[in-house]
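Student: Taken from Swiss-Prot, the feature active site applies to CYS33. Marked as ATP binding site by Swiss-Prot: LYS36, GLY63, LEU64, ASP65, ASP83, ASP106, GLY158, GLN159, THR160. Here Swiss-Prot flags ASP65, ASP106, ASP260 as Mg(2+) binding site, drawing on similarity to another entry. If you look up Swiss-Prot, you'll see LYS36 marked as site 'Important for catalytic activity', on the strength of similarity to another entry.
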Amino acid sequence: MNRIERILEGFDPVSNGLDEDFVLTKLTGMKGCGCKVPRNVLLQLLQTFKTDLVINNDEVDIGLDSCVIPLRHPGLRLVQTTDFFYPLIDDPYIMGRVTCANVLSDLYAMGVSECDNMLMLLAVAIDLNEKQRDIVVPLFIQGFKDAADEAGTKIRGGQTVRCPWLLLGGVATSVAHESEIIKVDQAVPGDVLILTKPIGGQVAVNSYEWIKKKNGKIEELNLEIPKIEKAFKQVCEQMSRLNRNAAKLLHKYDAHSSTDVTGFGLLGHAENLARVQKQPMEFIIEKLPIIEYMDEIADKMIAKGGEGFKLYQGTSAETSGGLLIAMSEENAKKYIAELSSLDNAPAWIIGKVTAKTTDSSIARILPDAVRISVPSHI
């Protein structure tokens with residue numbers, strides 16, 4: 001059974017030797033990249049390092065969970081990224097694939113499509129009994145390994161501990177020539193912004209949880225369960241899909257800037273990308289590709305006085321989301337056509353880059369941004 005077939009079939013605890021009521025996501029109160037410390041808080045906390053932490057230097061570019069380090073060998077760089085989070089789906093195998101894809105995504109965002117080594121990080125929840133542990137952990141490891149194999153890399157170590165919560169993650173390392181790494185600060189006025197996966201993952205995961213918990217939310221908002229289930233399967237597919245093809249094409253089509261969209265949401269990562277440009281730029285987001293029906297859920301939540309997971313503000317968390325890329329419009333159209341063919345999934349031009357007269361770069365979503373409803377393709 002391949003990845004998509006498994007997602008479409010759904011996870012049955014009983015056929016995997018577990019009790020009928022086993023739910024992996026009960027082992028944590030947080031979900032996926034939604035566990036991230038808010039971006040503004042994290043930036044403040046990082047000031048503790050001050051002179052120890054080099055940010056936006058010509059030689060050492062450091063992100064929030066990745067780094068590019070010059071080696072003593074001319075032209076070579078050590079590219080390294082780490083990530084870990086809590087489970088957000090109940091199939092341990094698919095969760096393993098999602099975890100691996102998410103760890104690799106920061107390499108791919110820099111155009112580095114070859115990973116030389118991975119480490120796996122795993123905290124086994126103490127609430128798992130021995131039988132559950134001996135079924136769940138191997139399934140997770142197999143999923144992580146299969147995704148690593150698909151990425152053309154190997155897992156050569158890691159750390160496994162016991163913990164009050166189930167934690168999943170890893171480290172990805174690549175030694176790359178400087179020419180293999182996309183410069184993130186080269187966006188120019190006239191560039192367009194590309195997004196390679198739709199947003200709405202947090203809405204899909206949480207609304208699916210409402211079905212399982214039977215907490216009254218489905219009835220309160222008058223939601224359609226089949227539509228939520230369909231969206232959830234689509235999210236599982238895109239979270240477990242590697243951004244590797246997207247990374248390879250960054251070089252072919254001369255990308256000027258790139259990042260991946262994860263826990264800080266589309267706008268949060270667009271702001272990060274705008275902030276590191278050499279010249280003051282404005283990243284203007286004009287379109288929001290949203291997984292089908294997730295906008296309707298957000299609308300109904302907002303109508304009840306909620307925030308709709310801040311989907312329209314662009315800060316709704318994504319897990320193993322797509323790449324956000326700046327490149328010329330001419331190349332963007334070719335990039336999207338080839339990527340869509342390789343991944344059998346759509347991508348979009350969602351905005352533009354303009355010059356800014358003030359000293360600081362910003363990103364913003366237009367108040368009347370067009371919402372694109374993206375149907376499932378699996």
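Backbone N, Cα and C define each Cβ position, glycine as well.
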Student: So of all those binding-site residues, ASP83, GLY158, THR160, which one's Cα sits nearest to ASP106 (Mg(2+) binding site)?
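Tutor: Considering only the listed binding-site residues, the nearest one is ASP83.
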Student: Could you check which of the binding-site residues ASP83, GLY158, THR160 is the closest Cα neighbour of ASP260 (Mg(2+) binding site)?
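Tutor: Closest recorded candidate to ASP260 (Mg(2+) binding site) by Cα: ASP83.
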Student: What count of other C-beta atoms do you get within 10 angstroms of the C-beta of ASP83 (ATP binding site), across all chains shown?
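Tutor: Taking every protein chain into account, the count is 25.
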Student: If you count the other Cβ atoms within 10 Å of each Cβ, which of the binding-site residues ASP106, ASP260 comes out on top?
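Tutor: Comparing the binding-site residues ASP106, ASP260, the most crowded Cβ belongs to ASP260.
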